[in-house]
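S.K.: Have a look at the structure that comes next, please.
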């Protein structure tokens with residue numbers, strides 16, 4: 001497949017390959033996708049830091065990529081992963097741990113202060 | 001929760017509430033999200049047509065929204081839905097019906113030529 005990067009970034013949905021829980025959304029450029037395919041571990045492009053990053057670089061919460069899917073328009077990617085630890089820097093398994101009304105639907109699985117030397121990833 | 005629309009659009013991941021299959025990714029502005037919450041049916045903002053659209057308007061393949069989640073940064077939304085028919089205009093249940101190497105992982109559940117008078121939604 002040819003992904004329509006259009007010179008920029010595409011959104012990457014990340015889903016647990018076993019439980020099918022949606023874990024997070026991030027962005028990738030061509031090089032981040034390439035590095036993911038080469039290494040078998042999820043890489044993204046950070047818009048704020050303007051560089052490629054490997055998920056779990058600091059926390060150890062890496063994502064082994066089991067399968068990469070693309071959508072009908074070839075402008076969105078889905079990584080199906082085995083998540084080490086948890087996906088969210090807040091300590092929750094998934095970044096989607098709250099309803100739009102602010103209700104928490106799942107608790108923390110790790111204490112972010114013990115995992116991150118700096119704030120967030 | 002306050003979603004960080006930043007005057008623009010946020011990505012919306014759409015997941016089947018029962019099977020947890022990721023069905024599609026679309027975009028919403030404030031008004032599309034509001035209409036979704038008011039009606040209980042998924043609405044999005046079309047970047048190409050520059051207007052709000054209701055999923056299934058033409059095809060009848062509407063999405064009843066069971067739950068709306070937001071991520072840690074409050075700049076991505078997850079709709080958990082009951083999908084009527086199928087999500088993809090190609091006739092597949094999910095827009096993510098191919099691997100990045102082009103292998104189809106699921107067949108069609110409807111014939112798009114019989115469902116759409118015009119091409120796509």
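Glycine residues also receive a Cβ, built from the backbone N, Cα and C atoms like all the rest.
On a predicted model such as this, the values are computed, not experimentally measured, just so you know.
From TrEMBL, for reference:
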DOMAIN    A:24-97  domain 'Phosphoribosyl-AMP cyclohydrolase'
BINDING   A:71, A:73, A:75  Mg(2+) binding site
BINDING   A:72, A:88, A:95  Zn(2+) binding site
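Please go over these features one by one and say how buried each is and what sits next to it.
M.R.: Sorting the domain 'Phosphoribosyl-AMP cyclohydrolase' (A:24-97) by DSSP state (H, G, I as helix; E, B as strand; all else coil) yields 10 helix, 30 strand, 34 coil.
The Cβ of residue A:71 (Mg(2+) binding site) has A:77, A:78 as same-chain neighbours under 8 Å, each 6 or more residues away in sequence.
Cβ neighbours of residue A:88 (Zn(2+) binding site) (same chain, under 8 Å, six or more residues apart in sequence): A:23, A:24, A:94, A:95, A:97.
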S.K.: Among the binding-site residues A:72, A:95, point out the residue whose Cβ has the most other Cβ atoms within 10 Å, with all shown protein chains included in the count.
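M.R.: Sorting the candidates by Cβ neighbours within 10 Å, the top entry is A:95.
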